[in-house]
Amino acid sequence: MTAVNVGIPLVRGRADDTSDRPDVPDLVDRFGRVARDLRVSITEKCSLRCTYCMPEEGLPAIPREQLLTVDEIVRLVGIATGRLGVREVRFTGGEPLVRRDLEAIIEGCSKVAPGIPLAVTTNAVGLEHRAHALARAGLSRVNISLDTIDREHFAELTRRDRLGSVLAGVRAAKNAGFSRVKINAVLMPETLHGAADLLEWCLDEQVELRFIEQMPLDADHEWARSRMVPAQGLLDVLGTRFTLTETEREDPSAPAERWLVDGGPATVGIIASVTRSFCSDCDRTRLTAEGTVRSCLFSDQETDLRAAMRGGATDDELMDLWRGAMWNKWAGHGIDAADFVPPQRSMGAIGG
Ligand SMILES: Nc1nc2c(ncn2[C@@H]2O[C@H](COP(=O)(O)OP(=O)(O)OP(=O)(O)O)[C@@H](O)[C@H]2O)c(=O)[nH]1
Ligand SMILES: C[S@@+](CC[C@H](N)C(=O)[O-])C[C@H]1O[C@@H](n2cnc3c(N)ncnc32)[C@H](O)[C@@H]1O
Ligand code: SF4
Ligand code: SF4
């Protein structure tokens, strides 16, 4: 038994039915999409407690024996990139830097997936001490989450007074030789008034800023559409200090829409996951820290590769399970549907 239903009934797809799947190697789904971008969560633990993501007390700990080991992660990344058509791998969590063996994970993956970009999404706490080692291990890119450059506000939003460490992490990332450093900021009514200051700081630091619409993935289930700041609200605020000119999307499955700031070349991006959803071009597949495949952020249906691996499954058997999970991927998050139910797991537990 490898399909794990982690809670609510499956209402937006047909679980387990793969009889109509074409016999192709890639991770295709019923809507004609092909998953090329693998996001691997490696832990549920975190050094911060962002209010839009984690509960104050943190997430329930995953027992150590249920976490994928370095070798298991490397094996699955090797299969995804070597046999299933995945072209980019991103490590996330929880906070990936909490795992002391992140360097070993990156090193192992860079050996089994030569030429495939390996990225990390991180809060950057402690990154200043590890950026160079991660780059040496084969990490290509880093995206850093930073919602405000105001120390008090940062401490309120994250429930931790760690802005100094994050800023040091951003600078270390810039000096470590990664191909790009991007900053992600979640849009909230509380952060809107500091948005122009954050953009100013990113322009000075020459890092690319993207704002993200808040999704109903907070552990406290307090998200409300009426409180959410839509992309347009941000554009209005930034427009009072900067001249913004919309540019073409680099590629249709890239979630960020970008604007030139004051004529460029610097840009600011907006990931409008809620008001301008990009689900129809989605190219993502996910592994949770416990080794289940999750085809969509919002789907509670998961397929357990860890149990299969530990039960002696061959690479071919793992590939069949993974392909089947993706074939049943939903059309999209369905946030606008009248019967929308947020997923049981929060962003930090899925791997954002
Ligand atoms: N709707 C939706 N939003 C996502 C998904 N994955 C990530 N996000 C959101 O997009 C934000 C940015 O994600 P990142 O981890 O930086 O990854 P990315 O934007 O794909 O990275 P790049 O390749 O650098 O563009 C996250 O903070 C999430 O809020 C997804 O599968 N669906
Ligand atoms: C869950 S975090 C994991 C990686 C790392 N701890 C970090 O914060 O970058 C990944 C991304 O999800 C985003 N995120 C978390 N909760 C979110 C929510 N409710 N809506 C939109 N984005 C969210 C964070 O801002 C971050 O950029
Ligand atoms: S967004 Fe990232 S840093 Fe913030 S609580 Fe979630 S996992 Fe931790
Ligand atoms: S919500 Fe699901 S379908 Fe939409 S972009 Fe995210 S992972 Fe893809």
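Note that Cβ sites are derived from N, Cα and C of the backbone, with glycine treated the same way.
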TrEMBL annotation, GTP site containing R39, T121, K182, R284, T285, R286 - matching residue among R64, R90, R151, R258: R90
CB contacts for C279 ([4Fe-4S] cluster 2 binding site) [other CB atoms within 10 A, all chains]: 19
Entries of C50, G94, T121, R284 (binding-site residues) sitting next to ligand 3, with Cβ under 6 Å as the cut-off: C50, G94
R39 (GTP binding site) and C282 ([4Fe-4S] cluster 2 binding site), distance between Cα atoms, whole Å: 13
Listed binding-site residues adjacent to ligand 1, that is, members of C50, T121, T285, R286 whose C-beta is under 6 A away: T121
Y52 (S-adenosyl-L-methionine binding site) - helix vs strand vs coil (DSSP): coil
Recorded GTP site residues R39, R90, T121, K182, R284, T285, R286, farthest C-alpha pair in Å: 21
Densest Cβ neighbourhood among R90, R286 (binding-site residues), 10 Å radius: R286
